[in-house]
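Quick notes on the structure that follows.
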Amino acid sequence: MDLATKYFNQINWRYVDHSSGLEPMQSFAFDDTFSESVGKDLSCNVVRTWIHQHTVILGIHDSRLPFLSDGIRFLTDEQGYNAIVRNSGGLGVVLDQGILNISLIFKGQTETTIDEAFTVMYLLISKMFEDEDVSIDTKEIEQSYCPGKFDLSINDKKFAGISQRRVRGGIAVQIYLCIEGSGSERALMMQQFYQRALKGQTTKFHYPDIDPSCMASLETLLNREIKVQDVMFLLLYALKDLGANLNMDPITEDEWTRYEGYYDKMLERNAKINEKLDF
């Protein structure tokens, strides 16, 4: 059975639209909540869309930068961005109103390989943009921010990055799609963040040597105006074309209770990071 059939054809998917009104830490808590729901057969698969105001989501490795305080001051004081540490992935990414995040959450244990889970997202994104005269590649764009094996690029310019997190039998595959504005300007900001946070110091972990020119938005790559809202419609059309059965079942009382626990963990993680910073 091919992956498109396995994950989408006549498969129930619950659509959760969180494109406004949430803080980033709430988003990561919701994905953990839904992962547990799916893993315990309390929910069908979940597809969630989320958009946030100017925030840099730092990874676990970023929290160990030698001059992290200086890097965060640059983001907050000079660029007007908030900064938080997430619970998945190793390095920082940029979120703002021109970036759409999509989470695909489905059941899976060790039998579902990391590559298979990533490929499910790639299949969906490819379906969304199948009418465009472009080729979307999956390969690491080494000089991007948060580089990874499943970076999505067009003509070697990265416009999306994918991460995944596994919680209690559920797998959350998360993608950010840089749609509006300038991808290279966002990359320039991250380049300057690492310069401030490293100050040339040698570290055991190799942080990305960012070249802003290797990142771009879909607006730039497709050479036409395209809005986040347009891509949200493309997502729903693609799911239907792949044969998915969509519903919008509300969040249950049990999920709200579990969400509060996961949100508290996110708050605790970030409070510990803030304690270490000399603000």
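For all residues, glycine too, the Cβ spot is worked out from N, Cα and C.
The domain 'BPL/LPL catalytic' feature in Swiss-Prot is assigned to 41-247; the stated evidence is sequence analysis.
Annotation source Swiss-Prot lists active site, acyl-thioester intermediate at Cys146, citing sequence analysis.
Cβ neighbour count for Lys158 (site 'Lowers pKa of active site Cys'): 27 (other Cβ atoms within 10 Å of its Cβ, all protein chains included). Reduced to three states, the DSSP call for Lys158 (site 'Lowers pKa of active site Cys') is strand. The site 'Lowers pKa of active site Cys' annotation in Swiss-Prot covers Lys158.
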